[in-house]
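Annotated features, as they stand in TrEMBL:
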COMPBIAS  26-35  compositional bias 'Polar residues'
COMPBIAS  45-58  compositional bias 'Polar residues'
COMPBIAS  140-155  compositional bias 'Polar residues'
REGION    24-58  region 'Disordered'
REGION    118-167  region 'Disordered'
TRANSMEM  301-321  transmembrane segment
TRANSMEM  341-362  transmembrane segment
TRANSMEM  383-403  transmembrane segment
TRANSMEM  444-461  transmembrane segment
TRANSMEM  473-493  transmembrane segment
TRANSMEM  520-542  transmembrane segment
Amino acid sequence: MSRPHSPAPGAQLAEDVAVAVHLNTDGASTPNSLSGMHLQLPENPRSSGDASDPATTTYALEPVNPKERVTVDVVKDAKSGKHYKAIPVKNPAYSLGHTKGAPAVAPLPPRTTGRIGLGHALPTKEQNDAYKKDKKLRSGRTSAGTHTPENYMSDSSRRPSMDANTSEGRNLLLQQLRELIHEEVSRANWHHSESVKQHLEESKQDQVDLLEEAIAKTKAQEDEKAGDLEKTADVDAPKMLMTETKDDSTVKGSDTSAVETVDPEYVERGVIERTGTDGTDGELEFPNPWAKFRYKMREPFAEFLGTFILMTFGDGINNQVFVSQMLDPSSPKGEYLSVSFGWGVGVALGVWVAGGISGGMLNPAVTITLATFRKFPWKKVPIYIAAQLLGSFCGALCIYGLYVNPIRMVDPLQTEKTAALFTTYPAEFLRTPSTRMTTFYNEIYASAVLLIVILAIGDASNTPPPDGMAPIALLWLVWGLGATLGWQTAYAVNPARDLGPRIMLSVVGYPSEILWTFDAWYWLWVPTLATIVGALIGAFIYDGLMYTGGESPLNAKWRFSSTRFGRGSKNKLPAALSEA
């Protein structure tokens, strides 16, 4: 179409200044109304009117009455006869008017680009016929199965646009939509990233401000403390000068004690470590003689107290369950599992009392085994055993005094009936010469299991319990031993647990026939000797199969007479067997 002439200076009728236009939609039907459409009209009537021509301007069409007076350009649709105002648009939106390849006004030539727009989504009849003809030619083949040369079309004869109903057209349209969506998403992401950056910068600045404020506050506090120290030094300076001029004998009794630095370990033990004038360590000074004695005997005291706790719970549960059963069989105060649980609690609490000081052995068999397989000092073994025996004696004596009245009621003659509440005796069917070996084996077996578990608990390369929780494992261990191996021999597994109460029973008047000479000196070779042998066997089994520490004699370096492992041999034992 051609652009209308310039309007007259004054208002004129729309039908007088209207210029007829013909809308070319490339075969599509022309809309009945052009209202709201954007069209590109040439500035020069002789222009080609191409949308890419810089001499074109986008106009918006608005309906107008032919009899209305106007001062703008007016166009007339040659097909419908309707009149429209042509108003210039500075920033055209996406519409028919600016889409590349959109409907153009005559005399624009047919579109030659492949870009799909709303105005050419449907092809013309001529284009469809040409497309079908091209498709038929492309499908033609020679007798040899190849395309004939005439089947190939030149670029000028190819279809200029794609059908929107075909896969090619839809793919092209989808590609354009993807590009548009990608552009919009990228723009949104950019704005979001900028917002995030700004937020991070603000947060960073806030943190810097808080840090600077904290540093300034800390510095002010340090300056204040320094000022207070300077004031204190100024006040105490004359006193210090006077103290330095005093005689050494005067200073020793008063001022030096106020400025001494005491090792926390010695404070805990109730002692003070004196340091010589030359900087060497001096002798320990104790606040009183008892503190000095306690410091030297702290480990035996711990073993004594731990074993005392063990016997309190162990002999206590024996008397409560069985004496109550003797007095009133219809209402006993517990049962056999109660006895096993009481002994387990006694072991756990005894180890908790003594474990942090002496190791909480509470058992001569354990002490001898650790001296043999874990390098526990042999010089401490007799002291530990004496403390354990004394603790078990005192614990059993206290329980006897607690239950003396019901004991005398059920057993006034002091027989084995009540002696078994404090010490151990075999079952009735194991008191013949042919069955005594079973009791010996029973104690060896139980003691071996006891030591295997104890050594596993203390093995750092195994799965030791958390700090302070080993007594819980020992509680379950003793409870399990009593529930499974305690019927035939009352599971002594501890020489002190049997020998200490025997001494106590002898002191309170029980006859020696039921304590010492009973069943061919049962007390010596079953609850004493068998428990020690079983403990050593259990340690030998655990160290031989599992333990890799250098304390065990099984992991010491072997010296063979063969030159293979001689002094000059280059062959080495495995690391687990090397000396620690």
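From the backbone N, Cα and C atoms, a Cβ is placed for every residue, glycine too.
All TrEMBL annotations are machine predictions without curation.
Sequence-distant residue pairs (6 or more apart) of the transmembrane segment (341-362) and the transmembrane segment (473-493) include at least 3 whose Cβ atoms are under 8 Å, placing the two stretches in contact.
Only sequence-distant pairs (6 or more apart) were considered; of these, fewer than three Cβ pairs between the transmembrane segment (444-461) and the transmembrane segment (301-321) are under 8 A, so the stretches are not in contact. If you look at the transmembrane segment (520-542), the same-chain residues 6 or more away from its ends with a CB under 8 A from one of its CBs are 364-366, 368-369, 372-373, 423-426, 433, 436, 439-452, 455-456, 489, 492-495, 497-499, 502, 554.
Long-range contacts of the transmembrane segment (383-403) within the same chain: residues 299-301, 303-312, 315-316, 319-320, 323, 358, 361-364, 367, 422, 496-497, 499-501, 503-505, 507-508, each at least 6 residues beyond the stretch ends and with a Cβ under 8 Å from a Cβ of the stretch.
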